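What follows is a set of notes on a single structure, which appears directly below.
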Amino acid sequence: MDSKIIIAAFLSSVPVLLLLGATEAHVEYGAYNITCPNAEAIVFQEMTQILATSPDQAGSLLRLHYVDCFVRGCEASILLNSTAGNTAEKDADMNKDVRGYDVIDRIKAKLEQACPGIVSCADIIALAARDSIRLSNGPNIPIGTGRRDGNGSSAADVPLNLPSANSSITQLISFFAKYNLTAKDLVVLSGAHTIGKAHCYSFSDRLYNYNESGNSDPRLDASYKTLLSQECSPNDMTSLVPLDTNNATAFDLGYYAGLTRMKGLLTSDVALLDDATTNSYVMRQANSTSPNEFFADFGTSFMILGKIGALTHSKGEIRRQCSAVNPPSPSPSPSPSPSPPPKNSAEKINAFSSFFSVGVVLSYLLLQYY
Ligand code: HEM
């Protein structure tokens, strides 16, 4: 029996070693359970404190996740600062009003104290967005973690990947299709506009110069138009207006109800009425007495959004500071047999568990055979 075990262990190590090279980490539930068990609790605690004093930040953090994922994938490229010779995404015209960077830095600092070098900025954005929804009385969405941070960011990528506030339904559907998101995902995720605010300049053409006509958008309720005109003078560059006129801090069905009453704020919101699939979803939610269907759908689409282009395994890095890529590590001194790059503890545990479990299964099969 002993010799069989030795033979089995020897034979199984060959395919195991081959398999190890192909082992891929994924965005998975509890990716920090071993390496930083309190990671998700720390994010939730910070978000609870932040939103208690600044509830407006919930919308900003949720939007941050969306604009991150649509450009280069969910890998925190939105957080990188511009450098000499490179204008980063955050300085692109379309992103000039993206907010919440200070919140991410605050959470990152807490996580670095608890578990240095373990939790990625991309995961912090995703978890902060998830908690923003929950803390605004929305669903508590179980999301995976294990995303790693990218090392590039370019303002030029933004207009190619993010739809503008003036998009038609055809443009919105085709932007979302690029990420395998359906028309249903579009109408569900647009429901995020149930919280947060928009600057007057994001919709003022609807008040003063719709389609260059010099008039207002006919699809704007008259009393809502009056209200918005009081808030926003034609060249107002600073004022903010709720995206959901019913309640901008509660994650509820008010956004859809507003759309059916011609009280949608952005052209892209109103556009959801122009397609059969998106229109019927808006109508159903607007007339629903329970948010349950919307909450379940939002959870599903939000999880798909959060996996777009995520970097895992050896791709990318865990940034030490969210606003800059890590400095290059010092070049190793020449040696006859160069050692592989050091793995972080999550990767070591992942590799060990793959090695162990595949080895055990193969050994068991071989012993059965002998
Ligand atoms: C369908 C295409 C979309 C367009 C064209 C769009 C456009 C916009 C615009 C123009 C603003 C206002 C920015 C400002 O003036 O400060 C905004 C805000 C916001 N967006 Fe979207 N968005 C879209 C989809 C999404 C998605 C998919 C999400 C999240 C899942 C999202 C979440 C938000 C939130 C929460 C805010 C409020 C931000 C704050 O309060 O700081 N949006 N969006």
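Residue positions begin at 1 at the first shown residue.
Just so it is clear, glycine is given a Cβ too, placed from its N, Cα and C backbone atoms.
All annotation found in TrEMBL is predicted automatically rather than curated by experts.
The feature Ca(2+) 1 binding site is assigned by TrEMBL to Asp68, Val71, Gly73, Ser77, Glu89. What TrEMBL lists as Ca(2+) 2 binding site is Thr194, Asp244, Asp252. Residues or ranges marked as compositional bias 'Pro residues' in TrEMBL: 327-343. Residues or ranges marked as disulfide bond by TrEMBL: Cys36-Cys115, Cys69-Cys74, Cys121-Cys322, Cys200-Cys232. Annotation comment: TrEMBL describes 321-345 as region 'Disordered'. As annotated by TrEMBL, site 'Transition state stabilizer' applies to Arg63.
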If I take the alpha carbons of Gly73 (Ca(2+) 1 binding site) and Cys200 (disulfide bond), what is the distance between them in whole Å?
29
If I take the alpha carbons of Arg63 (site 'Transition state stabilizer') and Ser77 (Ca(2+) 1 binding site), what is the distance between them in whole Å?
14
Can you tell me the three-state DSSP label for Cys69 (disulfide bond)?
helix
Would you identify which of the binding-site residues Asp68, Asp252 has the most other C-beta atoms lying within 10 angstroms of its C-beta?
Asp68
Out of Arg63, Glu89, Asp252, Cys322, which recorded positions have CB atoms lying under 6 Å from ligand 1?
Arg63
Looking only at C-alpha atoms, tell me how far Cys322 (disulfide bond) is from Asp68 (Ca(2+) 1 binding site), rounded to the nearest Å.
13
From the binding-site residues Asp68, Glu89, Asp244, pick the residue whose C-alpha lies nearest to the C-alpha of Cys36 (disulfide bond).
Asp68
Give me the sequence-ordered set of same-chain residues, not including Asp68, Val71, Gly73, Ser77, Glu89, with a C-beta within 8 angstroms of the centroid of the Ca(2+) 1 site's C-beta atoms.
Val67, Cys69, Phe70, Arg72, Cys74, Glu75, Ala76, Ile78, Gly150, Ser153, Asp157
Taking 10 A as the limit, how many CB atoms besides its own sit near the CB of Cys232 (disulfide bond)?
23
